Amino acid sequence: AMGGNHTQPEFILLGITDTPWAQAPLFGLFLLIYIVTLAGNVGLMVLVWVAPSLHTPMYFFLAHFSLADVCYSTVISPKMLTDLLFGNKTISWAGCVTQFHLFALFVTAECHLLAAMAYDRHVAVCHPLLYVTVVSPRACRRLVAWSYLVASLSALVYTSCTFGGSFCGPREVDHFFCDASPVLRLACSDTRGGEVVTFALATANGLGTGAVVLLSYGRVLHAVLGTRSAPSRARAFRTCASHLVSVSVFYGTLFFTYLQPASRHGSRDKVASVFYAVVSPVLNPFIYSLRNKEVKAALGKCRRRMLNHW
């Protein structure tokens with residue numbers, strides 16, 4: 001079925017905008033966001049690794065979440081930045097398939113990691129006495145392994161459904177990376193079967209993990225509002241609120257982009273995609289960690305240790 005692929009083995013990414021004066025400011029903005037994304041997420045991973053006080057399930061999940069953030073923003077941002085800077089917007093067939101596959105893998109893994117993190121908070125707040133046995137190091141490793149396993153299998157299905165047909169005619173992908181719906185629009189074979197499978201699997205992944213997140217935080221808020229002590233109520237409320245902000249940005253824009261029929265897709269998708277592909281990874285380390293006393297304390301300790309070392 002790959003018949004159309006040999007004649008013209010590359011795609012052209014039309015990018016975020018074709019307005020010439022907008023390219024340089026967008027390049028500056030997205031370069032800054034990408035640098036901060038790398039610094040924030042890699043910094044958090046290193047901190048969780050070196051600070052014994054952060055060797056807890058919550059930070060174990062957070063470190064993997066940061067790893068997924070780094071990976072999928074690296075799958076998208078460098079290519080987008082070079083396109084904005086040099087205006088060379090071609091991407092090879094293999095490059096396009098690889099980009100979409102890795103992107104789908106890490107975004108799906110992130111959905112499952114968000115569910116694991118929400119479940120962790122639920123057990124910590126609602127069943128504190130069972131916490132150590134339920135969320136054991138072994139259970140944490142299994143949850144992370146499950147996240148990557150489901151994500152790998154899902155990404156294989158998404159990729160084969162998206163690129164399995166034949167492509168003829170203009171190879172212009174109306175997006176800043178190789179995403180399913182703009183690529184499927186270029187297929188000249190019948191793609192309805194693949195679209196249905198992709199939509200069903202994306203819905204199962206998105207709504208399944210989204211339901212776990214909502215139920216967990218619902219339980220947490222219910223438990224928190226029932227506690228007598230105002231300070232602990234405020235603290236738990238703050239933690240949940242910041243997590244929910246991040247979750248809403250991520251899921252809201254994902255659902256907007258993927259849970260609608262192909263005919264409805266348009267330029268608004270690009271704006272939504274910028275949120276989960278570019279903005280969400282830069283916000284996460286700040287939302288999840290910089291407001292936490294544990295992270296601030298660990299940072300302070302590391303800083304003192306380094307100063308003493310010098």
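Every residue gets a Cβ built from N, Cα and C, even glycine.
The shown structure was predicted, so the numbers you read here are calculated from the model rather than taken from an experiment.
As recorded in TrEMBL, the features of this protein are as follows:
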- 40-288: domain 'G-protein coupled receptors family 1 profile' (DOMAIN)
- 26-51: transmembrane segment (TRANSMEM)
- 58-78: transmembrane segment (TRANSMEM)
- 90-109: transmembrane segment (TRANSMEM)
- 146-167: transmembrane segment (TRANSMEM)
- 196-215: transmembrane segment (TRANSMEM)
- 236-259: transmembrane segment (TRANSMEM)
- 271-290: transmembrane segment (TRANSMEM)
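When pLDDT is averaged over the domain 'G-protein coupled receptors family 1 profile' (40-288), the result is 87.
The transmembrane segment (90-109) shares the most Cβ pairs under 8 Å with 58-78, out of the stretches 58-78, 236-259, 271-290. Across the candidate stretches 146-167, 236-259, 271-290, the maximum count of CB pairs under 8 A to the transmembrane segment (58-78) is reached by 271-290. Remote same-chain partners of the transmembrane segment (271-290), defined as residues 6 or more beyond its termini with a Cβ less than 8 Å from a stretch Cβ, comprise 16, 30, 33-34, 36-37, 40-41, 43-44, 62, 65-66, 69-70, 72-73, 76-77, 103, 107, 175-177, 179, 242-243, 245-246, 249-250, 253-254, 256-257, 296.
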